[in-house]
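The following features are taken from Swiss-Prot:
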SITE      Cys185  site 'Transition state stabilizer'
ACT_SITE  Asp265  active site, proton donor
Amino acid sequence: MVAAAPSNKEPLPDMMTSIRLDQSGRVEIIDQLLLPHSVVWMPVSTPEEAFDAIKTMRIRGAPAIASLAALTLRSYLSSSSSPVSSSSSSSDVISWVGQTIDYLQSSRPTAVNLGEAMDRIRAALKDSEAQNQTAGDIIQRVKKICGDVHDEDLERNMKMGRLGAEWLWKKRGGGKKGLKVMTVCNTGSLATSGYGTAIGVITALFQEDHLDTAYYAQTTPYHQGSRLTSLELTTLQIPACMICDTMLGSLFQHEDIDGVIVGADRVVKNGDTANKIGTYQAAVLAQRHNVPFMVVAPVTTIDLSLPTGAEIHIEHRPAAEATQVRGLDTETGKLSVVRITPEGVGEGDKPWQRVYNPSFDVTPAELISAVVTEKGVAERKEGEKSIDVASIC
């Protein structure tokens, strides 16, 4: 697809996408474990395959995960393999769909977008039961919600990109030709249904000629920055520079950084934000250097049921993801996995073999300057330690 420009300027080059439907309506995803060296589309036909793709990080990014789960459920309900159909009893349909969405949600509990999407289906099931709807009507209702989950994401990403770019330019654009910004992880079209969240803001700045350079962290151990964000930014021909995670402090010392822009997997009531590991350290450094720190996430990422970030469940990943690295062998031209630690690290139970590998960290609201959703921008007021994110829901 060609992304619509947020101004009257020339359209961007084609963006990558993480999910597509084939001619029969079957869901396919790019195996992101193989990026950027190999683009392989893999079919996802069943809820079990969707669960596995999410769990093994073949697809990642909270909005993209929600889209995959929803689209796979829709496709499966339309297939001959589905255990329920219009000829089933309404109770059987409600029971099976309910169990399936519980299963899909358990694949990535930190991603609130996935939970929100599944909650929409739960609410529909409850209402359908109260109205004594037929099995066929229930299935059609669920399938429509699944499609909406995917379709709504692109439109709101475009809105967030514009709002975030306008806010940061007003904050830091005075007298400057372009801004220098920094981001963590991957938040572009590969992590969403299109355009992206934090990358959407960077793209909007670029489209308005308000961007100097986008710095992006490698984001180890999974290298979402060096593998995926690098691919997206080079595809879009956006001026960018990769930095190692350990170079953040040096970057702030030696470059006039105008803003840190990140996405989120969950934003709770007081503004505390769970995002990819490494976000918290970027926020600490941003505050030390008086740099605005912006979180960009759709309303579906905001969880008002949790008062603070202390209640957010943090997923810990397998040790092998930190002790091994996948890449292209420049001699053979083939993808390979190599160990980067001594043998035994992360594999045994000795005190010297441990590996600490959380997938996310939580950035306190007091380190965040603003949260952007498709509904608006909520700024943290001077001296306060929380952000009124409910005002932009």
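Placement of Cβ uses the backbone N, Cα and C atoms for every residue, glycine included.
Quantities reported herein were computed from a predicted structural model and do not represent experimental measurements.
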Other C-beta atoms that fall within 10 angstroms of the C-beta of Cys185 (site 'Transition state stabilizer'): 29
Number of other Cβ atoms within 10 Å of the Cβ of the residue listed as 'active site, proton donor' across all protein chains: 30
Residue pair Asp265 (active site, proton donor), Cys185 (site 'Transition state stabilizer') - Cα distance, angstrom, rounded: 11
